[in-house]
Amino acid sequence: MRAPGRRDVPTTLPALLLLLPLLLGSPRGVGAGAGAPAELRVRVRLPDGQVTEESLQADSDADSISLEMRKPDGTLVSFTADFKKDVKIFRALILGELEKGQNQFQALCFVTRLHHNEIIPSEAMAKLRQKNPRAVRQAEEVRGLEQLHMDIAVNFSQGGLLSPHLHNVCAEAADAIYTRQEDVRFWLEQGVDSSVFEALPKASEQMELLRCRLVGDRGKPCTCRYGLSLAWYPCMLKYCHSRERPAPYKCGIRSCQKNYSFDFYVPQRQLCLWDEDP
């Protein structure tokens, strides 16, 4: 493998609940047939005020969720949650600047451990529908920035052993798939083969590398930083109470926004030209 970065509820709801913008009901959208993923398209307001469309898909058979959105600068961001394998995959397809000698686009994949309380279950996601598809959604809760140091490479050819989704999601980023030592330790304990992971330069060596924004020579290695945001996603289920039901029942979702910052090794400054601001 080349070093990463190289380029050579109920179906019927009480009337009161219809006031909720997003409800749990019968699956709708693309693939409403048995065994096919259910899709929901949601208009979302980004942190800078602009509006984009998110596509959310849930496959309850595979126990997975995927989210995809295009940023105003053209970058395509996707997020996949694989509940069966405790894996989440972030992918960014970044449009290149040809006048700076970049390729047409650059792909990055970041793979980390999925904690099941981060997002609603796939079965619940498959039942989401919205009363007003033209409404612009804004997250109810902004969760704190998560900074991650990605110090291990994922071997694309063996990536299916980690998650069956990796080959499809990260196909364009085969040489730029990153993860963390602490997550690798967890997956190895779960029985994932060690051939999936490859060492990057030692942490001590990486610590000596400058941030790419401080490196003038585009051919030198450096530590790159890439930030992405999940502007809107269903992070928790809401429960309601009624006199007719003795126990609380699912009646909607709570939405969240979450920002991530990834630091990772690149063999050439040329592969991190966006990292120019402090």
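Even glycines carry a Cβ here, placed using N, Cα and C.
Taken from TrEMBL, the feature domain 'Out at first protein BRICHOS-like' covers 39-187. Per TrEMBL, the feature domain 'Out at first C-terminal' maps to 211-276. According to TrEMBL, the signal peptide annotation covers 1-32.
Residues in the domain 'Out at first protein BRICHOS-like' (39-187) partition by DSSP class (helix H, G, I; strand E, B; coil) as 28 helix, 69 strand, 52 coil. Secondary structure of the domain 'Out at first C-terminal' (211-276) per DSSP, as helix, strand and coil residue counts: 7 helix, 44 strand, 15 coil.
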